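Novice: Structure below; questions to follow.
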Amino acid sequence: MAAASEGRSPLTSEMRSPMPLLYRRHSSGEIRNLTSISSSLLPAFGTVVGEGSLNLRRFVLAPYDRRYRIWQTFLVVLVVYSAWASPFELAFRKTSTGALMPIDLVVDAFFAVDIILTFFVAYLDKSTYLLVDDHKKIALRYISHLWFPMDVASTLPFQTLYRLFTGKMHKGDVFGFLNLLRLWRLRRVSEFFSRLEKDTRFSYFWTRYCKLICVTLFAVHTVGCFYYWLAIHYRVADNTWIGAQVPEFEERSVWLGYTYSMYWAIVTLTTTGYGDLHAENTGEKVFSIFYMLFNIGLTAYLIGNMTNLVVHSSIRTFAMRDAIHEILRYASKNRLPEGLKEQMLAHITLKFKTAELQQEEVLEDLPKAIRSGIAQHLFRTTVENSYLFKGVSEDFIVQLVPEMKAEYFPPKVDIVIQNEIPTDFYIIVSGAVDVISNKNGMEQFLSRLGSPDVFGEIGVIFNTPQPFTVRTKRLSQVIRISHNHFKQLVQPLMEDGKTIISNLLQHLKDLKKEELEEMPFVTELLGESKPEGQPTEEPQNGEGPSQEATRNPNVHTTDMLPIRVILHGHHPDIKQKEENGGKLAHLPNSIEELLSLAGEQFV
């Protein structure tokens with residue numbers, strides 16, 4: 001083992017990339033939540049992460065090791081005690097040599113253990129962003145920084161050491177001020193709250209709220225203790241802020257003095273100012289002046305943070321109210337009918353209520369591969385079950401689904417309007433819609449569609465105005481694909497294009513008579529769509545090769561002369577000033593061939 005360890009390269013022996021353990025966080029149990037990891041632990045771009053850098057040296061811990069994090073959290077609890085005890089023992093000297101001394105020694109012992117443990121915790125090299133696990137480098141870095149002397153100074157029990165060396169108990173204030181060095185440990189609390197604020201398992205609002213409460217309590221506690229310390233060191237006890245109210249207060253209970261101190265500090269902080277406790281001498285007045293100036297900054301800090309938290313939680317509500325007011329103002333200014341106004345309000349309200357469900361909002365900043373995977377998981381089954389895409393290739397489905405956009409529509413909202421220019425078609429994921437026809441200002445119900453039915457595809461594929469109005473029956477979620485995206489996807493996949501045309505043709509044949517009547521061009525095409533060899537009705541006076549094919553079922557139209565027609569760029573009843581004669585074209589022998597040619601031109 002030793003020989004193998006000595007033979008390792010400097011990169012693998014002294015510097016470890018932190019990422020492998022991040023990748024193995026579920027199996028190793030060392031990291032539960034990546035959001036709690038400091039950004040300084042992530043490697044720089046270009047860092048090579050190899051399998052050989054999974055293990056650190058023996059007796060070396062990673063800074064994000066789960067056991068080390070638990071130890072750090074336990075120390076935070078001890079820091080809270082130190083932050084309370086240090087000012088308290090300065091003001092009330094009896095406690096520093098009495099009941100609190102054993103507790104102080106135990107707490108100092110734990111922080112002494114932490115100093116030793118720090119020599120065995122790897123650190124991140126800021127230049128390479130790799131973990132350094134060399135013991136000598138770890139020790140040199142710790143000792144050469146300010147952390148080591150301050151950690152030692154805040155841990156040494158000066159009063160106990162003085163008593164051991166001299167055999168006497170010093171009753172002066174020097175050891176009280178030396179104990180204030182323990183406040184150096186408060187940096188651990190700041191780091192702890194910073195980690196909690198990034199941890200999504202905890203509410204950011206309540207984490208920040210608890211931090212503000214802790215800051216306020218620490219400020220009030222510290223100021224109250226110092227104010228009491230001023231009173232006990234003034235030459236005339238009765239000429240102090242507490243002595244004027246409590247004669248011989250130094251001989252009274254410690255907790256009575258602490259209660260008066262907290263009362264004065266809180267009343268002054270909140271600017272209540274009852275006047276029962278006030279400064280009696282110059283020193284107390286100067287201290288009160290600085291405390292009130294400090295309160296200005298502390299109050300601004302607290303109010304600013306609380307305002308930010310409240311506004312952040314209600315910013316979407318403000319945005320929705322502003323949007324609704326804009327809609328009402330627009331509708332009133334343009335005298336829109338009540339029906340349209342209600343649809344506008346319903347749509348904007350639903351948009352805000354389902355903002356967290358909108359696919360494009362959630363996936364906007366994610367890599368394309370992740371977006372595609374999520375879209376496949378959410379909508380692939382719906383797309384495959386729709387009639388239009390049955391039998392298409394796997395490649396087509398994989399490319400189509402990520403291009404679709406999810407939308408919600410409230411009840412009684414028109415998604416597609418009859419005779420509008422086709423730009424998108426839709427697949428129903430959930431909910432239901434009604435297919436409606438408008439005739440002479442009257443609406444006629446034709447059919448009802450549900451998941452996974454398709455609508456709007458006839459206008460898109462045939463490039464004609466939409467034949468129907470489609471209106472939501474209840475709250476519906478749909479996915480839409482634009483005409484341009486659909487065309488780009490189908491172009492390189494000709495076989496899939498033919499399959500889609502065939503599925504559409506079969507669907508048109510299965511439509512109700514009422515729906516076909518709204519699409520005369522489809523009715524004419526379907527009227528010619530017969531199996532090959534089946535007779536079709538021709539006019540009695542009809543002339544041309546198709547009449548012979550009708551009389552003789554065994555004669556295939558492909559062997560006859562093609563039917564020729566002239567195509568004009570205008571309606572036959574409209575006379576143009578300049579007539580170019582039109583274009584001569586050969587008609588296919590059947591509707592299937594016509595749709596096949598249309599599919600080839602479409603793709």
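Heads up, the Cβ atoms here are built off N, Cα and C, so glycines get one too.
Pasting the relevant annotations from TrEMBL:
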type     : residues : note
TRANSMEM : 68-85    : transmembrane segment
TRANSMEM : 105-124  : transmembrane segment
TRANSMEM : 209-230  : transmembrane segment
TRANSMEM : 255-274  : transmembrane segment
TRANSMEM : 286-304  : transmembrane segment
DOMAIN   : 388-507  : domain 'Cyclic nucleotide-binding'
COMPBIAS : 537-554  : compositional bias 'Polar residues'
DOMAIN   : 564-603  : domain 'KHA'
Novice: Counting Cβ pairs under 8 Å to the transmembrane segment (209-230), which of 68-85, 105-124, 255-274, 286-304 comes out on top?
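Specialist: Of the candidates 68-85, 105-124, 255-274, 286-304, 255-274 scores highest.
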Novice: List, by number or range, the same-chain residues at least 6 past the transmembrane segment (286-304) whose CB is under 8 A from its CB atoms?
Specialist: 212, 215-216, 219, 223, 226-227, 230, 265, 268-269, 271, 279
Novice: Where else in the chain does the transmembrane segment (105-124) make close Cβ contacts, counting only residues six or more beyond its ends and a cut-off under 8 Å?
Specialist: 16, 18, 40-41, 56, 59-63, 68, 71, 74-75, 78, 81-82, 130-133, 135, 138-139, 141-142, 147-148, 151-152, 154-157, 160, 185
Novice: I'd like the per-state residue tally for the domain 'Cyclic nucleotide-binding' (388-507) from DSSP, helix first, then strand, then coil.
Specialist: 40 helix, 45 strand, 35 coil
Novice: So what's the average pLDDT for the domain 'KHA' (564-603)?
Specialist: 65
